[in-house]
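Okay, structure first, notes after.
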Amino acid sequence: MQGKNSHLTGITGTTHFTIFGASPRSMSLVKNSQETPPFPGMNSTMRPVEFNSTKQPEAQTIDQEQDAPKSFDFKNQTLGVYSDTVLNPLKNDSFKDELVVDVQKNLPIESLTVSPKSSTDQNCRSTNEAIRIAGFDNFADQLQESNGVFEACPEAHSEQGNESEDFKDLINSETECNIEDVVLPTVHVSTDSEEIISGDVIMNDSNVVSKPKNLEKVETPDVLIGSGSNDKLSDMTEQIGNNQHLEKLISEKTEKSLSDNETTLKPVPVQHTNSVGSSIGTTSGDSEISDDDQKSWSPKNESLDYQPASTSSEFTETTSVANQTESNAGSVDDYCPRTSIDIGLDSSAPSCSSDATREPTPIKKRGRKKKEQSATEPPIPRTKRAYTKNPNTIRKRRMKKNQSDDEEDDGPPKRRTINYQIEFRDASGAWTMAQQLIFVRDFMSKKNDKIVKLSKSRQDRVDKFILQFQKTQDSHYMRAAIQLNTIFPDQGNYRHCQDYLKDLTIRVVVPPKRREGKRKSEVPANPPALLLTGPLYLNFYCTSQEVLEAAGQLLEFHVNAVYKDERLQPPVADKTLLDLERAMYHEQVKDLTDYHKYRIPCPTLTVTTKEEVFSSDFERILNSASITNISGIAKALNIKTELFSLPEIAKCHPELSIDILNQVPQSADGNCDSKGIRCWDVTSYSSKMKLQDFERYMQKEESEAMQAFETISNCTAKELESTCQKLKAERIAAQNAIEGCDETMPWIKFGTNIDLLSENFKKQMNEIEKLPTFLLPNREGNLLNYAGVDVLGINTVQMYAKPIGSRTPAHMENSLMASINWNRGPGTCVWFAVPYEYWGQLEFMIGEHGHKYQDQDYWPSEKELLELGVPVIKFEQKADEMVYVNTGCFHWVQSNSFCINVSWNVGQPNFTQLATSIVAHDHNMLIGNQAHVPLVNLVWNAARQRLFVDDPEMYKAMRGVMIRSLAHSKWYFDLIDHHDYIVGDASEWKLADRVQRCKYCTSEIFNIVRWYTTEDLSVDSYPFCSHCHVANEYKKDRFLKYTWFFSLETLVNIFDAYVPN
């Protein structure tokens, strides 16, 4: 080892010494040898090191303009290795480039602690690096024969016992020593969090690095650190005795002193090649650097021998470990049975005795190669790699982790290949078959006398098959019966979020003091985005003139004097509400263990008469809970349910083209993609189908279920498994090919979003009109009636035809409107729901799994939600039951049987509904998601009819939207006039309908639309909002123009007329 102004500090007995010129260089493993030790103090199994490390070290150097090394007290601070090579540098100015060696002649010392003398160096930092030096019994004798230079530290000599007489003589002199030729004992390198252990890398007969198959003690070769190969050892010993030469060397290296507080390390290139004379070498496959990299380290490529560093003023310091990889984890003492001494930087760490053992610690995978640095650049600090937010990357990482979790085994690791797709295919087929049997047993037996007359043995055989699959299900369906007079814990304060909603929508603050004079910045080309949340600077009873005056300051002073722009934040969930709900349902649900304590039962209301359905308490109940299951409503209102069967629907419009989602059926308790990997991805392939063809497909599916029931009930116990496999194979073979789908997997066709428009389905719509007014899709006062356009599936009725295993992924309703889902049957559906106040946590979890919050393509893990304290409502919706999903409730649904569901949205005319929709508007704008409900247009249309003027909270929420949008139109008109843009009435230009959406962000554009088009409209024109940047491809050969739907005069008249009575 060599270095400039570096020294080796250690302790022997009670004596302390310092060896100047020592610093770590390269280390390598060598094979055991029975040769005579070539150097005094070496064991017979030890040989000099061949500098043939498999990884090119990054050399470091210390500038010449440095102070001399400091002296140290051996007190209460622990020292380690300070090196910027393979070992990370210890970031402490006092100990840079110093190697602490703890050696006691023939007797092991358990620990060593030191501290710097200087008071300015007391804040010694901890580090992860440490070097253990072991197995050199006669190190002191070797140093004596080498005439080493020692520096005594008498203040630390107190409790070590008898000293070696030979060594006492040595510490009284300060003779010279060429320390770069001194051979050190075995060195093992480790870190706190990740150990790099030389003992677990064994050089076999073919010189290939391998790892022992177990962690039992293995005799390993010793590691020596020197400056050359075997053929240079004699030269090394001769140089040690050359005191004059060493004295001159040391004086040259200490001419310039080190600074008191800082040492600058500089990397310099060092030749790092294999030794010709050594029997141990590295092949091209062992090295982690390319041939070109090796040439750059040895430009002339003259010799493969290690070239000792010159005695120039530049100091080179390198350390390497032979081919340490992630699979090389092991215990230091298992592989190195001889005495080892710990030297670390953590003063609180326990001492390490000679017979102590360590548990193997996995080694971190090596990252990217460090780029080569110049000699003047400081070393690049190691930093944690930035966490990528790319959804595809995150999704692949999650899938890989889930795949590795499936391969875990309690015993020793086994090499086996798992085809997850085959396992998933078998599990899917078995689960589907079990659900088919349940469907036939529970729902079809009433229509088929042959099924009812099954013998008991055949019935038991079917029940046994069903039971073996039900045992593996963790359904935990929870329902709690409630009455019309039930009072919820959050009655009048929906989910304890009223303060949150009011703060975002109806809060007024004092505007900031305006600066004097006009602003010198340029006038913006377009106004800022129209946001509906944040505190207002104007009160809700202001006039339109006050709004226009405040908005005029944007052009003159470049400030927004209407409202304060604040970034939207999700609500903070009130955990006390969860405790109150547990107490409310405690009598009915008592099996909530620690793991299931975050489960909430679904309140189920059973109605029997029409009076109960039309009572005020019925409406109050539905608008209080997050989600409510209603039983008996169809019978109480005498609704003709048979009109909603699939055959009847197909008769009304047989040629109707419907959307089909092709999915792989599976249990609702988990989720796998089509390749069998556990993840959150919902695999669906879209296609089209005529309604009459889909009706025939559903009939075929039901017939297959009947056939499976007959076959399994007739087979014996021995034939059961083979019969099931045959049925599953026949099902896959009989299915039609689906474009983009794996034909070896079982697929189902989910008929989704079948629009029941009144002109084709008048009979069905007449039955829906029997419901209470607040549940009707087109009721008076329903906010969605004022959207100005028909939004399919929102203010229209849709039907969903579901075979077994159909999935509706997790989602919130558009603009967080409430929704109604009526299960016509005959089968059941499984529902999952999460209350509104947890949408912030859900958004974060969804992003961590590589999905976007608003994309309906994921199936959340029930287990993960419960572990993170997110309440989950899970229940089973039976035939002819209606589920009312309140505003903002996050939910996902799966059919466990054949079902027909009828669904639509309702916009309840209350503050909670309007406020949550306003929050959703800004959230959609921030994340670039399309809001299907044009909320701003909806508010102005409702204001035209002077709705909700007598409801104080609804009035304030409405006026807040109107104030902001009126000011935005004023901003736009002012900027158009200032820049002299082309503008015209939308009716004159005849470009499009009134409700427009931005081409980029898909957000609603209120009143004024930006276009890039031609005079003759020969090219397609796209609308753009005020804040999106338009690409050049939409500007080329086109001109900019604006259209408006409402003049300022029209908006002012509506605004001033909307006042309380």
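Backbone N, Cα and C define each Cβ position, glycine as well.
Annotation source Swiss-Prot lists region 'Disordered' at 30-49 (among others).
Look at Swiss-Prot and you will find 256-417 (among others) tagged as region 'Disordered'.
The compositional bias 'Polar residues' annotation in Swiss-Prot covers 271-287 (among others).
The compositional bias 'Low complexity' annotation in Swiss-Prot covers 310-320.
Per Swiss-Prot, the feature compositional bias 'Polar residues' maps to 321-330 (among others).
The annotation region 'Required for nuclear localization' is assigned in Swiss-Prot to 369-417.
Per-residue confidence over the domain 'JmjC' (760-923) averages 93 (mean pLDDT, predicted model). The domain 'JmjC' annotation in Swiss-Prot covers 760-923.
Among the features that Swiss-Prot reports, Fe cation binding site is placed at HIS811, GLU813, HIS891. Sequence-distant contacts of GLU813 (Fe cation binding site), defined as residues of its own chain at least six apart whose C-beta falls under 8 angstroms from its C-beta, comprise SER819, VAL885, THR887, ASN905.
The Zn(2+) binding site annotation in Swiss-Prot covers CYS998, CYS1001, CYS1025, CYS1028 and is backed by similarity to another entry. Classification of CYS998 (Zn(2+) binding site) by DSSP places it in coil, neither helical nor stranded. For CYS998 (Zn(2+) binding site), the Cβ neighbour count at a 10 Å cut-off comes to 22, with all displayed protein chains included.
CYS1001 (Zn(2+) binding site) and HIS891 (Fe cation binding site) are 25 Å apart (CA-CA, integer value). The most crowded of the binding-site residues listed here (HIS811, HIS891) is HIS891, judged by how many other CB atoms sit within 10 Å of its own CB.
A sphere of 10 angstroms centred on the C-beta of CYS1028 (Zn(2+) binding site) encloses 16 other C-beta atoms. Cβ environment of CYS1001 (Zn(2+) binding site): MET925, GLY928, CYS1025, CYS1028 lie under 8 Å away, each six or more residues apart in the same chain.
Counting every protein chain shown, the Cβ of CYS1025 (Zn(2+) binding site) has 23 other Cβ atoms within 10 Å. Residues CYS998, CYS1001, CYS1025, CYS1028 make up the record's Zn(2+) site, and a Cβ search at 8 Å around their centroid adds LYS999, TYR1000, THR1002, SER1003, ILE1005, PHE1024, SER1026, HIS1027 from the same chain. With respect to their backbone Cα atoms, CYS998 (Zn(2+) binding site) and HIS811 (Fe cation binding site) stand 23 Å from each other. Annotation note: CYS1028 (Zn(2+) binding site) sits in a coil segment as assigned by DSSP.
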